[in-house]
Amino acid sequence: MNMKTVKCPTCGKPVPWTPESRYRPFCSERCKQIDLGAWAAEQYTIPVVEDDDLPPDAPGGESGGASGRLN
């Protein structure tokens, strides 16, 4: 049987995709914490698409808080 593996998003090391892989998709607690720290330091962003066609009462409209929508 072929075991599916994925690359650790932090270091690229192959990680078996099994329930026994405690930190998947990361290879270790260290790589998991490095990734969490990058999110906390705002090194990663989620792109936002500005949408001028939103009605004012729609989420993200003029009265709905932040403008734009997640892409």
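Along the chain as shown, residues are numbered 1 onward.
Note that Cβ sites are derived from N, Cα and C of the backbone, with glycine treated the same way.
Small disclaimer: the values here were computed from a predicted structure and weren't measured.
Going by Swiss-Prot, these are the annotated features:
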BINDING   CYS8, CYS11, CYS27, CYS31  Zn(2+) binding site
COMPBIAS  61-71  compositional bias 'Gly residues'
REGION    48-71  region 'Disordered'
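Around the Cβ of CYS31 (Zn(2+) binding site), the number of neighbouring Cβ atoms within 10 Å comes to 19. Comparing Cβ neighbour counts within 10 Å across the binding-site residues CYS8, CYS11, CYS27, the minimum falls on CYS11. Note: the Zn(2+) site is recorded as CYS8, CYS11, CYS27, CYS31; in the same chain, PRO9, THR10, GLY12, LYS13, VAL15, PHE26, SER28, ARG30 also have Cβ atoms within 8 Å of that site's Cβ centroid.
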